[in-house]
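Asks: Mind having a look at this structure? Questions to follow.
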Amino acid sequence: MCSELGLGIIVIPVVAILANVAIAKAFATGPSFDATQEMLTLGVCNIFGSCVCSMPTCGAFTRSAVSSASGARTPMVGLYSGTLIVLALSLLTPYFYYIPRSTLAAVLISAVAFMLDWNILKILWNCNKRDLFLVVLTFVSCLGLGVEIGLLIGVVTNVIFLLYLWARPTVSIITCKTPTGGEYVMVTPDSGLMYLAVDFLCTTVTKAGINQGSGSLPLVINCTYIKGMDYTTAMALKVVYRTFQKRQQPLILFNVRTGIKSMLQTTADVKMILYADTEKEIVDLIFGEILDLERSETIPLIEKGTQEHEVTIEIETGCIDDLIQDTLASNESSLNECGRDK
């Protein structure tokens, strides 16, 4: 059985799930829809059906459309239509031979014609041509290669588009000013930081530090939208941190989640990365980092092998006059005490 189905072993469950979910979304009248419930129901039906050697169970657009057009309102229509199918297969099979296929096709087309939304093509053309391309590609593939292969092509193409969006996130780079007049560069990615986007983001951060930051301004990575991180990303951030450390340019991670922070500290083994949760902390860390850099460049006062320099002390004129007056007053008091003793 498995050798006869071949690729259909994988395609049939996927198509069955997609069909059930699509039918439920098309005919659902309530405010909420749970796709998990549809998949759970489909799986339970097929498990119990396999115990009695039944055919695989899944929904069908045509039967659902015919039932909806006939005025069905409750699940009892399934029992009614199932009874009619059993009677038709038992008593009317010899007469079905004389029904033209064009007649059956016309019935099915009339039943599902109201489900075709042609206006969506114009809407997609105006708002998102990528989705329009996916719709046209899937539709043409289903007509030319079959429903199973057409749906598989549409799913794979959409996954490729999603991978591209994850690999090339939108990064916002702005220059911020502190209340005291200091400046720093803020880099904000709009999506998660995983393996696909790590090279692009690290390159963008490095270029921003050189171009916008002039190789000296502090750079802050806004991690508000970063909800997860893998090992490759942690090691890449370690390399970026070392690069900024070599050119003595501060690098700060802003609004980092606790899990990501612990992963960076353990996996990447970089405990000197600066973290900040508020803008005030950013300002404090920036000025503290700049002060440390200035102290590291301080030259000793006396070096070996250098000549001694003459040191002069400058004292203001007013200070000298006060000193003279205090000395004269102390001398007069000493003379008076001596005269009393005599």
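FYI, residue positions are counted from 1 along the chain as it appears here.
For all residues, glycine too, the Cβ spot is worked out from N, Cα and C.
Features from TrEMBL:
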type	residues	note
DOMAIN	5-138	domain 'SLC26A/SulP transporter'
TRANSMEM	7-28	transmembrane segment
TRANSMEM	40-65	transmembrane segment
TRANSMEM	77-97	transmembrane segment
TRANSMEM	103-121	transmembrane segment
TRANSMEM	133-166	transmembrane segment
Asks: Tell me if the transmembrane segment (133-166) touches the transmembrane segment (7-28). I count contact as 3 or more CB pairs below 8 A, with pairs 6 or more residues apart.
Replies: yes
Asks: What are the DSSP helix, strand and coil residue counts for the domain 'SLC26A/SulP transporter' (5-138)?
Replies: 100 helix, 0 strand, 34 coil
Asks: Tell me, roughly as an integer, the mean pLDDT over the domain 'SLC26A/SulP transporter' (5-138).
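Replies: Taking every residue in the domain 'SLC26A/SulP transporter' (5-138) and averaging pLDDT yields 80.
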